[in-house]
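Residues or ranges marked as Zn(2+) 1 binding site by Swiss-Prot: His171, Asp191, Asp254. Look at Swiss-Prot and you will find Asp191, Glu227 tagged as Zn(2+) 2 binding site. Under the heading domain 'Fibronectin type-III', Swiss-Prot lists 411-497, citing sequence analysis as support. As annotated by Swiss-Prot, N-linked glycosylation site applies to Asn100, Asn121, Asn242, Asn424, with the evidence given as sequence analysis. Per Swiss-Prot, the feature signal peptide maps to 1-24.
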Amino acid sequence: MRFLISSLLSGLALLTSLHAFVLALPREYTIAMSNPFHESLFSCPAASWPRVKLGSENTPQEPSKDLRKILSQISPKRIEATIRKLVSFGTRHTLSTQTNATYGIGAARDWIESEFQRYANASDGRLTVKVVGYDQQPDGNRIPFPVRISDVVATLKGEGDPERVYVVSGHYDSRNSDPLDYKGIAPGANDDASGVAVSLELARVMSQRDLPRPKATIVFAAVAGEEQGLYGANFLAQSFRNSSTNVEGMFTNDIIGSSTADDGTKEPHVIRLFAQGIPPLNVENQAMRERRIMIGGDNDTPARQLARFVKETAENKHTDMEVSVIYRLDRYLRGGDHRPFLEAGYPAARFTEPNENYAHQHQDIRIDKDPKTGKDIQYGDLPEFCDFDFISRVGKVNAAALWNLAMSPGMPRNVRVNTNALSNDSKFSWDPPAGGNALVGGYEIVWRSTTAPFWTHKMDVGMVQEATIDLSKDNVIFGIRARGKNGERGVAVLPFP
């Protein structure tokens, strides 16, 4: 009994001491002790390491007065009218007739050209339009006979650095359940009249004579042959490559027509942006790829730097959209027109709606049973399933990204980090953008932790071409970007040793 009483007294004393210890702890620790899953048990003050007092927070870039004017004029009604007009051609299958004035892909091509030309006529010579193409021979797959592939291209030439080019496109061809059925109805409202509508609407708004010309050139394209094998986009990308055109960014808008999934889930203020990681081997050879992996640069490819730029400049109250950057080339089992541009060595990314309804893609028009519920549902890519306000907001995201890109000085070249000796600081050097320093107001070093998706810090280093920062290159990811004379940021570039 004496032993038991002694043990109880000792235990009570221990509990009293423990209670006093707990009371002395900071509040966040006492909360954690009462909750074994509290976040403070999985984090600590060192989680923000390396702690740096250099530079400043990298905040989003607000749209300029001119850009706000552009965004305010993007019209859901015009986008709807464009989509319904394209659907009215019955089918826009790449293999369909090109001689009928009201039916088939030829009629759609001619109408798109006429719309671009109408905007060009009102632009005081700023916008020019042409149809380019080639004869595609049978490929043993989805091209069973020779066919003309035509791309409709409208060019808003820049003033200041016109040799630097940005491209936005949608594909105007369509298909139904059978990829070789070129006679049956294939409305293609979402896939991809929605993307073509954005190209047309941006060309209309951005080419207006009461706006300043962009510094760089913007190309608005409607391409064919996507459903048969990305043929139109490949032709356009290779044409740019063959002429040594400096394309510093390309966006394809493909399936951007609806914010509603097959289960009714709605995300009307989110757009996905797909950005590839390691470039194709024909763009970066094996040695370059190994260097990229060695320095941890696999998440800092040109495509992903472009996506970061979009996130930073096009996600705001004026677009009313969140840009959800997806770090992969595309969705599973799918492909898009950004891929040929990537394979040509150009930074490119794909915009696609957040939720897809596969009953409204690549389907014959019919009422049939839903395999999940057994209920009758409407199949087919019809305008009634499009959200035209949503498409206009996606158009605003594109406009914000393109205008900011075209008004920026472009990307610095030959960006390097010095690794000649061991050191705890980081020394960088770079060359001006391809257009020189005429548009540059200064340069910035940006950085983030190796696990962060987007830039968190920046430091203005002025009009120099080399700089040293008291922060170890071993601990963060760095980028170098040019800043325009009015503060317009360019796309950051990863420094290589």
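The backbone N, Cα and C atoms fix where each Cβ goes, and this holds for glycine too.
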Task: Taken over the domain 'Fibronectin type-III' (411-497), the model's mean pLDDT - done: 98
Open item on the list: Between the Cα atoms of Asn242 (N-linked glycosylation site) and Asn424 (N-linked glycosylation site), what distance do you get, rounded to the nearest Å?
Closed with: 44
- [ ] Only counting partners 6 or more residues apart, tell me which same-chain residues put their Cβ under 8 Å from the Cβ of Glu227 (Zn(2+) 2 binding site).
- [x] His93, Thr94, Arg142, His171, Asp173, Ser174, Arg175, Pro179, His362
- [ ] Kindly assign His171 (Zn(2+) 1 binding site) to one of the three DSSP-derived states: helix, strand or coil.
- [x] strand
Task: Residues in the domain 'Fibronectin type-III' (411-497) grouped by DSSP into helix, strand and remaining coil - done: 0 helix, 43 strand, 44 coil
Task: 8 Å Cβ shell about His171, Asp191, Asp254 centroid, Zn(2+) 1 site members excluded - done: Gly170, Gly188, Asp192, Ser194, Gly195, Glu226, Glu227, Thr252, Asn253, Ile255, Gly336, Asp337
Open item on the list: Tell me the coarse DSSP state (helix, strand, coil) of Asn100 (N-linked glycosylation site).
Closed with: coil
- [ ] Would you mind ranking the glycosylation sites Asn100, Asn242 by how many other Cβ atoms sit within 10 Å of each Cβ and giving me the lowest?
- [x] Asn242
